[in-house]
Structures are given as structure tokens and as C-alpha cells.
């Protein structure tokens, strides 16, 4: 219990205090951004002295100070949402329907509602700061018939407020579509200030571009539907509509340069406030942290690198530990010696065993994931029987890492039948309960599922041409290698099934017929499914997105890249620094794991869409580095093997590994890879 309390206090100290520091800096930057907004909103080219004096007096006004207090509250809520929604492993939907389900999720709806409210608050502060015709919602006007003074609706103020709500929802929506809450670690470490200064221009540019896009879209939306909120608010608040003024839901009303200018700079101020908070949070959370390799005191053992590497509850701590491992393996001689040291008393390499064991576990899990995905794709999603799965595992284990190597155990393949390739998308660092790494795979039992989707997961429509004999010659060539069946079943074109074991007799067939109601419901369900499967919109929504499976497989590969870098540099450094030979005992296992992973990665890149590079976005705050993680992993894997082979050279011939792996390593020794 004491160690758990210590560990939770340590995590709270590292993660939460970094988030608090990022929020504090965002609040401190508010007066600067507000002053720039005031200067731009009151800009006057022909009266510069009056412009500066008006801006100075406005910055000292009580309304501006109150607006700053409101903006501080907005920044605090934004920082809380950053801490609550951030993820180190992006969520990658496999279809447009899955993406739509994410957008309409109740949690996301609450998020969108809060951001709409915050957008209206920021725009209210902006309208009060601009003043003039934007200052209040109600304005005095004179009725044309009676000539009495009444309170009329100020449509300019309403226009700005509704634009803030629209921009707030756009920000929330793009946060899902562009994975804006995905936090990636930089490959080259920088101090906080140089990194912030380097990203500041990009943040300003993205704020301007997004504000212009949002202003254009909102103006078009208000042109068609602007009369609805205007009529509802005027009737609810008992405000009159001044007919002498030009309505903004018309073409002449929207073609107002002053209105569009103030809308654009207000939107830029809104997005800049949010984007700066997001940027500072990313910078602080991903800052490198140095963990002690070993501790003299027992109560500090939970804070040491070998213990934090096995962290399961807080993903960011595991990533920081792997990042620290990669850095110490390259730049810290004294800490590397601590990794190679022996425990006293006893003389056991506990540090090296824990670190290398966790790294190999990560690499083995990724290999298992890739092999399972390749099997699912090769079999077109058809579920193997348990006997076939056991035969496959026994065949693979006899020809893989275990063969020719003593003491090297291969991670077994998963025996759970695979419904889709998406079922293998589980984070190696997030655990089984991590909802961040699981892609959004559509339900194949839904009446909206298409024949292509059911074919992918192995559930075929009897009316489909895919039912029965396989039509594709490519799948015909793969059939004999993956499946065994009688000649009769192949000639009849029936679905292939593995025979039941001889020792277990099959139960007699039941002569019970389904009831009339059940049969009628089943027929109606099949008719609806067949009807919907022919609709273009349904197929468009449920068709699998290209590259989605490949991106989801490597969504958490930053952890594997650090494991490869740390492991390879430590092994290379042990050639001259390992005085006790602790690395030599695990060197065969390390080399075999790297080669097996390389073979799995090479086979994966031969699949469709796996080697195609994604389209680069022009300007977006969403981090899209996860789309190229598979290429970075392949490069890091080859670099790791080259690092070891160039250091050990011909000494690797004395390492006890299998013949196939030795031949593959020889290609690296000869620089042919």
C-alpha cells in the first residue's frame, strides 16, 4: 500500500504539475494576445496617434479587465480538457461510420457543447472590446409606425456570438477528425523556450487559416438559416427587429468589409487562445525526464527506471521512461554502467534483466500483432478452428526463434479467433483495458453492414457471389497453404471447415424447426440487409478506410522505436563497457527477436496500402506523425540491427542463433540490406 501511494504521488508530481505549469503560462500570455487583438480591432491607418491613445485607454478600462478574467476561466477549462482528453496513442477509426459514431458519442457531445459555450464567451469578450455596434445585444431604436423608442435586436452582436459557437463546435469536431489531442514526442529533443519559439509562427498561421475557413463557412450557414435564431431570440427576449437596417442574412448584409474583418480577427484571437494552450501542454508533457536507474533507499525503488518501464496505469510515465532509456543509452556513460552493474549482495544483473525483458516484451507483442494481422488478411477474415490454430502455432514455433537456439522462447500466437484485422489492434503499453489503441471497427451483425464488410470478417451473405467457392485466383493460390478440407467440400463449393477430432463424436442433428414468427423475422432481416447493402451511401459509410489497419497496428510504435534504440545502443555499448558480461546471456534472444520482427515488418509492407505514404496536411494543429510511424519503426529496426552488427562484426558468428537468422544477419554484416 505504501509503494502504491508513493507511485501515485510520483505520477501526480510529474504529470499534473506539468499540466498546471502549461496552464499558468497560457494565462500569463493572455494579456499579450489581448493587447494585440485590441490594436488590430481599433486599427486606424490615417489617425495613428488617436489609435494608440484609444487602445491604451481601452486596455486600462474595467470592461477589458473583466474580459481578461472571463478569458482566464476559458483557458482553465481548456487546460482541464487537454489533461482529460490527451492521448499518446491516437484513436484511428476504420470506417466513416466509426468516425461518425465517435463524433456523436455522448462524451464528445458534452465536449462540443462546452466548447460552443466557451466560443460564445470569447466572442462576447471580443465584441465588448471592439465596442461600437457590436457592444450589446439590445439597442434602442425608433418604431416607424408609432415613433416610440423601443429595444431592438442588435444583429451584429448576435452574429458575432453565433460565430463563436460555430467556431467552438468546429474546434471540437476537428479535435476528433484530426486527432488534435494526440500528443507526440519529438525525435530531436529541444528545450521548452526554443521549441515554443519555433512553433509560434505555425500556431499563428493555423489560427488565421482556421479563422478564415470558419468565417466563410459560418457566413454561408447564416445566409441560409440566419433567420431561425434571429426570430427565436427576438421573440424569447421580447426584442423588436429594426426593419430600417439591412439584415445580415442577405447577400448585401454579409458583404460588409468591416463585419468580415472583425469576425476574422475575433476568430483568430479565439483559435490562438486555444491553440497556445494546446501547444504549451504538448511541450510540457513531452519534456524529457531523467529517472534514476537504481536507488539506495527501498522507498524510492518505485521511481527507478526498471520499475517505471513496467507502468501499466499511466501511459505517459511509460513513454517518458522509454524516452529516458533511449537517451541514456546514447549520451550517459555513468548511467549505462549502472544498467550493466550487479546487485549487492548476490551479484545478479537485476537492472539489465528488467530493462531488456521489458523491451523484448514490447517487441514480441508487436511481432505477435503483425503476424496475427497478416494471418487474418491472408485468410480473408475467415475464422480458423482451434485445431488449425494449434497446428499453425506448432509449425511456426518449430521454424522460428526456438529452432537452433537454447533458452530462447518465442511468444506464442494468439489462439483467440480473429473477427477482423482490427481485433489485433491493442496497445502494447496501454494494456487490455486501454481504449485508446482500439480502432473503431463497425459491427458486422448490424443490418447496415455491407457484403464487403462481412466478407472481410468472414460472415458471408448467402445471396452474395462470394458465398461458396472463392472467385479470386489470388485467394485460390493461398487456399491450399492455409486451409485443409476434403475434395468433396471443394468440389461442391461449400465453405471449408476443419474436421472434428476423432475422439469427440459429433452430436446428432436436431430435428426442431424454427417457429413461424422467428422464420418470418429472419427473412425480413435478410431482406432489409440485402436492400441496404445495395445502397451507395451505406457502402460508403461502412467501407474500410485505406491505410486504417496499418496505421492502427503501428499507432503506439513510438514506444517500440525507443525500445529498439535503447536496446541496440546498450548492446553496442556493452562490447566495451560491460565488465561482467551481463548482456552476453541475452544477446541471442535479442538478435532473434530483432530478426523475427524485421521479417514480420517486411511481410506487412507487402500488404495493400501498407507502403503508401499519407497526404501531408497544409496547416493543422492536429498531429499527423502517427501516419508515418510504421516507416519510422522500420528505419529504427534496421538501424538497430546495423548498430549491433557493425559493433560486434564477425564475433556474431559465435552467438548461438538459428541458421535462418544467421543468414539474415549476414546480410547486415555485408551491408546488403
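Placed from the backbone N, Cα and C atoms, the Cβ positions cover glycine too.
Checked against TrEMBL, the range among 236-258, 259-281 recorded as transmembrane segment is 259-281.
TrEMBL tags one of the stretches 480-510, 511-541, 542-572, 573-603 as region 'Disordered', and that stretch is 480-510. With pairs at least 6 apart in sequence, the transmembrane segment (20-45) and the transmembrane segment (110-130) have 3 or more Cβ pairs within the 8 Å limit; the two touch. Nonlocal intrachain contacts for the transmembrane segment (198-225), taken as residues 6+ away from its ends with a CB within less than 8 angstroms of a stretch CB, comprise 159, 162-163, 166-167, 170, 174, 190, 248-251, 254, 260, 263-265, 267-268, 270-272, 275-276, 279, 283, 618-621.
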